[in-house]
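Colleague: Straight from TrEMBL, here's the annotation block:
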type     : residues : note
ACT_SITE : Ser77    : active site, acyl-ester intermediate
ACT_SITE : Lys80    : active site, proton acceptor
ACT_SITE : Ser132   : active site
BINDING  : Lys239   : substrate binding site
DOMAIN   : 292-377  : domain 'Peptidase S11 D-Ala-D-Ala carboxypeptidase A C-terminal'
TRANSMEM : 20-37    : transmembrane segment
Amino acid sequence: MRIGSKLKNHLKNSSLNDSGKIFICVCLIICITINFLKVNSFGKDLDLKSKSAVLIDGNTGRILYGKNENEKMPMASTTKIMTCIVALESGKMNQIIKVSSKAASMPKVKMYAKKGEQYYLKDLLYAMMLESFNDAAMIVAEGIGGSQEEFAKMMNKKAKEIGAKNTNFVTPNGLDADNHYSTAYDMALIGAYATKNKQFNEITNTKSYSFADVSAKRSITANNKDMFLAMDNEAIGIKTGFTGKAGYCFVGAVKSNGRHFVSCVLACGWPPNKSYKWKDTTTLMNYGKREYNEKKIIASGTKFQIEIPNGTKKKINVGVSEGYTTLISEDDNVKSETNFNYKLPIKKWDVVGNIIITINGKKTKKIMLYAFENVEKYDYRFVLKKIIKKFFLFYL
């Protein structure tokens with residue numbers, strides 16, 4: 001109460017115009033709802049073996065820890081995450097796909113599909129994601145896209161939609177190819193997107209899956225190679241990878257007490273250091289669980305009043321239609337900046353400004369401010385309309 005009284009007197013006696021006073025008041029209102037914390041140094045050394053690694057908030061995409069996270073690198077079979085999600089969104093699980101000679105010629109790891117055999121899309125996705133069969137991925141690509149090249153276009157289009165700006169897909173299985181690359185951050189974004197798909201999670205959390213070709217002449221069993229599922233009881237997947245060029249790779253995800261962590265490690269050792277990717281992933285996830293908790297920065301529906309100079313109403317209610325919740329550590333420095341930009345008249349649900357949320361000096365969210373009511377401009381036109389209206393009412 002003391003602070004409010006002092007602020008009121010200060011603003012009353014200040015030389016600021018009305019817009020300046022409004023700006024200060026709104027900034028204080030927003031900032032009071034935020035805990036200001038110490039500056040973060042997410043680049044602290046976790047002693048990772050990976051050449052490139054990242055941990056992100058799976059709900060917002062914000063980087064919680066990074067090591068060369070934007071460096072373009074080959075990503076091996078983690079590519080199949082995108083292959084799977086594109087197939088799930090573009091195909092039907094009961095779709096029948098015939099094996100081409102190209103798909104049958106894919107190198108190991110493979111399920112040894114033969115040219116002319118037919119398989120259901122559902123079975124191919126399990127084979128591709130659990131056992132990482134390269135031929136299964138090519139069969140899916142040709143069945144959904146018509147060709148490897150057309151399917152790659154679908155993959156790249158989806159990558160852009162997700163926000164993976166430094167990624168280019170050439171193959172559906174992640175085999176080394178010119179111009180086939182991504183970054184740890186982009187693959188984590190793709191992983192975060194994929195793990196919000198129920199069917200995707202059902203596939204990647206399956207321990208073992210058996211199926212047959214459509215004619216039931218061949219039976220195949222695919223066993224899940226994701227050992228992280230057994231290492232962390234909160235793990236929800238998602239995909240391993242290895243090629244001679246890419247080294248060991250892994251995109252992992254954990255859901256813990258409402259928190260959604262997604263990690264990616266690229267070039268995490270070469271044979272015989274197969275376990276490095278599990279150690280690095282565990283280190284990243286433990287860091288996230290230990291350091292970060294969910295924090296509501298601003299609630300959906302938050303509203304407050306602002307003064308409208310030259311308006312027919314002195315004040316109107318404005319607010320946000322969406323909230324913002326993210327993972328915050330005790331070292332994070334959270335700030336907000338409120339900006340107004342409007343012209344009279346204002347109609348209900350007109351955008352009148354925005355709130356910029358920054359964490360550790362980096363812009364992380366832009367939230368639009370909406371008018372919750374109408375207000376007209378108080379000028380000669382408004383006065384004239386009022387006079388005319390009263391005149392006609394008087395003589396009716």
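Heads up, the Cβ atoms here are built off N, Cα and C, so glycines get one too.
Note: TrEMBL annotation is automatic and uncurated.
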Colleague: Between Lys239 (substrate binding site) and Ser77 (active site, acyl-ester intermediate), what C-alpha distance do you get in Å?
Modeller: 7
Colleague: Going along the chain, which residues six or more apart from the residue listed as 'active site' have their CB under 8 A from its CB?
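Modeller: Correct list: Ser77, Lys80, Val109, Lys225, Lys239, Thr240, Gly241.
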Colleague: Give the residue from the recorded positions Ser77, Lys80, Lys239 that has the most other Cβ atoms within 10 Å of its Cβ, counting over every protein chain displayed.
Modeller: Lys239
Colleague: Reduced to three states, what secondary structure does DSSP give the residue listed as 'substrate binding site'?
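Modeller: Once the DSSP labels are grouped into three classes, the residue listed as 'substrate binding site' ends up as strand.
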Colleague: Averaging the per-residue pLDDT over the domain 'Peptidase S11 D-Ala-D-Ala carboxypeptidase A C-terminal' (292-377), what integer do you get?
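Modeller: That region's mean pLDDT is 90.
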